[in-house]
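Have a look at the structure below, then the notes.
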Amino acid sequence: MLFALPALNDNYIWLYQRENLPLIIVDLPETDKLFAWLDKQNATIEAVLLTHEHEDHTQGVSAFKKRYPTVPIYGPQECEKKGATQVVNEGKILTAHYQIDVIPTGGHTKQHVSFLVDNHLFCGDALFSAGCGRVFTGNYAQMFDGLQRLNTLPDETIVCPAHEYTLGNLAFAETVLVEKSAVEKQRIFVETQRAENKPSLPTTLKLEREINPFLQAKTLEEFTALRKAKDIF
């Protein structure tokens, strides 16, 4: 089971469950909607994964810990001050039921990480559908290197970004990509989804390789120019 729970203005809390095992929760922007969903599902929780320190990903941590004090909360070093109980910057997490790969994807923040659970990539604000995160406390080289790491994953990888930014990203992609047919087709799909108040996500790495200009960038210089152009688009 994979579910994108809308939160705040345009965030998603991702919930992943293999068969009838306990849930994995990715990022905690808020808890009211999450607690209501968990109660309705009568769910048990294996772990929480935090991708980075920004408030719109962590401001629900305190309330979550009060309600679920024994659930481990994994995140990079920068998330320790936000309430993460287990620091992970790279490597593997082995829980009772899951093996989780931790992939460094800094740039948006210095220590941003992404998580690969089975074939599901939870990439926070590193990779979006048809886009990528802004560079804040990290740098362009970090962001480019992180996206290059993600770009080595298989086509069938299910990509689960943290924000509903797809339409705006597709609009930019149409202005910079030479081959636009896949972008135009995806834009029609996403417009239909959003008109029905449905998520445009998840996506796949196969599709992103066709519609995401940041994954097509071959050099740091090309990537940096694209990112700066998107910043003022």
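Glycine residues also receive a Cβ, built from the backbone N, Cα and C atoms like all the rest.
So that you can see what the record holds, here are the features copied from Swiss-Prot:
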{"type": "BINDING", "residues": "His52, His54, His108, Asp125", "note": "Zn(2+) 1 binding site"}
{"type": "BINDING", "residues": "Asp56, His57, Asp125, His163", "note": "Zn(2+) 2 binding site"}
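Shown on the structure are the features that Swiss-Prot records.
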{"residue": "His52", "record": "Zn(2+) 1 binding site", "contacts (Cβ under 8 Å, 6+ apart)": "Gly75, Pro76, Glu78, Cys79, His108, Thr109, Gln111, His112, Val113, Gly124, Asp125"}
{"residue": "His54", "record": "Zn(2+) 1 binding site", "contacts (Cβ under 8 Å, 6+ apart)": "Thr109, Asp125"}
{"residue": "Asp56", "record": "Zn(2+) 2 binding site", "contacts (Cβ under 8 Å, 6+ apart)": "Leu8, Asn11, Pro29"}
{"residue": "His57", "record": "Zn(2+) 2 binding site", "contacts (Cβ under 8 Å, 6+ apart)": "Asn11, Asp27, Leu28, Pro29, Leu50, Thr51, Gly124, Asp125, Ala162"}
{"residue": "His163", "record": "Zn(2+) 2 binding site", "contacts (Cβ under 8 Å, 6+ apart)": "Asp10, Asn11, Tyr12, Asp125, Phe128"}
Cβ packing number for His108 (Zn(2+) 1 binding site), 10 Å threshold: 24
Three-class DSSP secondary structure - His57 (Zn(2+) 2 binding site): helix
Extra residues within 8 Å (Cβ to Cβ centroid of His52, His54, His108, Asp125), Zn(2+) 1: Thr51, Glu53, His57, Thr109, His112, Gly124, Ala126, Gly133, Phe136, Ala162
Cβ packing number for Asp125 (Zn(2+) 1 binding site), 10 Å threshold: 26
Secondary structure at Asp125 (Zn(2+) 1 binding site), reduced by DSSP to three states: coil
DSSP-derived structure type at His108 (Zn(2+) 1 binding site), helix or strand or else coil: coil
Cβ-centroid neighbours of Zn(2+) 2 site Asp56, His57, Asp125, His163, 8 Å, sequence order: Asn11, Asp27, Pro29, Thr51, His52, His54, Gly124, Ala162
